[in-house]
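Read through the structure below, which is laid out as structure tokens, and then see the notes.
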Amino acid sequence: MELRIGFGFDSHEFVEGKLLILGGVEIEKDYGLKGHSDGDALLHAITDAILGALGERDIGEIFKDTDPRWKNAPSRIFLEKALEVMSEKGFNISNIDCVIVADRPKIAPHKERIKESLSKLLGIPKERISLKGKRREGFCEGNGLVCMCTVLLVKM
């Protein structure tokens, strides 16, 4: 058995008038995350964690923000590519542990929907997905959010 651990991080600034999407779930209609794609920072962090565990290039190198193909692209496309590479290398996801740091929106009311979405996207049971919402407690300016994710991959 071979185990690999990956860590992913992403942060985006809030912008008015854009849909906020986290983990493939529409959360807020009045403000979203600034980004070249749909700005789903949670899926970006998960994608980077998987790519990192596999020793691959990171999401920004593979899906450059200067490439018009990725303008407003759904972030699930990036995740699907990482999962494809993972599968080709013979790995499966054992579990993921994610943290969203933001003063707004509150994550708790959306937690189960996000976990259900991640379960479908990743092809693993919800019980193997940990999702936590944390507040910045006065640290930094609070005009965006940060997502971090650790993934454990296993090859039998």
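Note: Cβ is positioned from N, Cα and C throughout, glycine not excepted.
Under the DSSP three-state reduction, ASP10 (4-CDP-2-C-methyl-D-erythritol 2-phosphate binding site) is assigned to strand. ASP10 (4-CDP-2-C-methyl-D-erythritol 2-phosphate binding site) has a Cβ environment of 25 other Cβ atoms inside 10 Å. Marked as 4-CDP-2-C-methyl-D-erythritol 2-phosphate binding site by Swiss-Prot: ASP10, SER11, HIS12, HIS36, SER37, ASP58, ILE59, GLY60, PHE63, LYS64, ASP65, THR66, ASP67.
Swiss-Prot lists ASP10, HIS12, HIS44 with the feature divalent metal cation binding site. Every protein chain shown contributes to the tally, and the Cβ of HIS12 (4-CDP-2-C-methyl-D-erythritol 2-phosphate binding site) ends up with 18 other Cβ atoms within 10 Å.
Feature annotation from Swiss-Prot assigns site 'Transition state stabilizer' to HIS36; the stated evidence is sequence analysis. Cβ environment of HIS36 (site 'Transition state stabilizer'): ASP65, TRP70, LYS71, ASN72 lie under 8 Å away, each six or more residues apart in the same chain.
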Distant-in-sequence Cβ neighbours of HIS44 (divalent metal cation binding site), under 8 Å, six or more positions away: GLY8, ASP10, SER37, ILE59, SER75, PHE78, CYS147
Per-residue Cβ crowding (10 Å cut-off), top of binding-site residues SER37, ILE59, PHE63, ASP65, ASP67: ILE59
Largest CA-to-CA spread of 4-CDP-2-C-methyl-D-erythritol 2-phosphate binders ASP10, SER11, HIS12, HIS36, SER37, ASP58, ILE59, GLY60, PHE63, LYS64, ASP65, THR66, ASP67, angstrom: 20
Three-class DSSP secondary structure - ILE59 (4-CDP-2-C-methyl-D-erythritol 2-phosphate binding site): helix
